[in-house]
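Q: Here it is: the structure, laid out below.
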Amino acid sequence: MKKLQIAVGIIRNENNEIFITRRAADAHMANKLEFPGGKIEMGETPEQAVVRELQEEVGITPQHFSLFEKLEYEFPDRHITLWFWLVERWEGEPWGKEGQPGEWMSLVGLNADDFPPANEPVIAKLKRL
């Protein structure tokens, strides 16, 4: 079984909105909403990975972030470890740098059914902030 380590950025602005993107139609979990992030590379820490991934995917450099949640999740074809980082200060303005649609969404507007199933506990925790 494939094992993946994923670093994810939950970008929260001063209006308590979260920046989300939509997965590509040909990606695993196609067309689902997601928090930007990606695979942790060999020799990279989760902290380094979230900085790199947010620079690559949404064009920001995190300045202040903290571990929000770490989860293990089993899919039929893969086991993933997800490191969710709450990013509250950054340089730049987030946008879909890789062509993916991106938008700010209120915490109230987050619906776990619109995201991959591994995100459900994180969305529930975010709504309690």
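Easy rule for this one: first residue shown is 1, then count along the chain.
Every residue gets a Cβ built from N, Cα and C, even glycine.
Annotation source Swiss-Prot lists domain 'Nudix hydrolase' at 1-129. Residues or ranges marked as 8-oxo-dGTP binding site in Swiss-Prot: Arg23, His28, Glu34, Phe35, Pro36, Gly37, Asn119. The Mg(2+) binding site annotation in Swiss-Prot covers Gly37, Glu57, and the record cites experimental evidence as its basis. Annotation source Swiss-Prot lists motif 'Nudix box' at 38-59, citing sequence analysis.
Give me the structural setting of these features: burial, nearby parts and distances.
A: Confidence annotation: the domain 'Nudix hydrolase' (1-129) carries a mean pLDDT of 95 in the model.
A 10 Å cutoff on Cβ-Cβ distances gives Arg23 (8-oxo-dGTP binding site) a total of 17 other Cβ atoms nearby, all chains included.
In the structure as shown, the Cβ atom of Gly37 (8-oxo-dGTP binding site) sits within 10 Å of 25 other Cβ atoms. In the three-state DSSP reading, Gly37 (8-oxo-dGTP binding site) counts as strand.
Sequence-remote contacts of a segment are chain residues at least 6 beyond its ends whose Cβ falls under 8 Å from one of its Cβ atoms, and for the motif 'Nudix box' (38-59) they are 4-9, 11, 19, 21, 65, 67, 83, 85, 87, 90, 92-98, 100, 102.
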Q: Quick one: which residues besides Arg23, His28, Glu34, Phe35, Pro36, Gly37, Asn119 have a Cβ within 8 Å of the 8-oxo-dGTP site's Cβ centroid, in sequence order?
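A: Filtered neighbour residues, in order: Val8, Thr21, Met29, Lys32, Leu33, Phe115, Pro116.
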Q: According to DSSP, folded down to helix, strand and coil, what is Asn119 (8-oxo-dGTP binding site)?
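A: It is helical.
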Q: Go through the binding-site residues Arg23, His28, Glu34, Pro36, Gly37, Asn119 and tell me which ones have a CA within 10 A of the CA of Glu57 (Mg(2+) binding site).
A: Pro36, Gly37
Q: Taking the Cβ of Phe35 (8-oxo-dGTP binding site) as the reference point, list residues of the same chain whose Cβ is under 8 angstroms away and which are at least six residues distant in sequence.
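A: Looking at Cβ-Cβ distances below 8 Å from Phe35 (8-oxo-dGTP binding site), excluding near sequence neighbours, one finds Val8, Gly9, Ile10, Ile11, Ile18, Ile20, Thr21, Phe84, Asn119, Val122.
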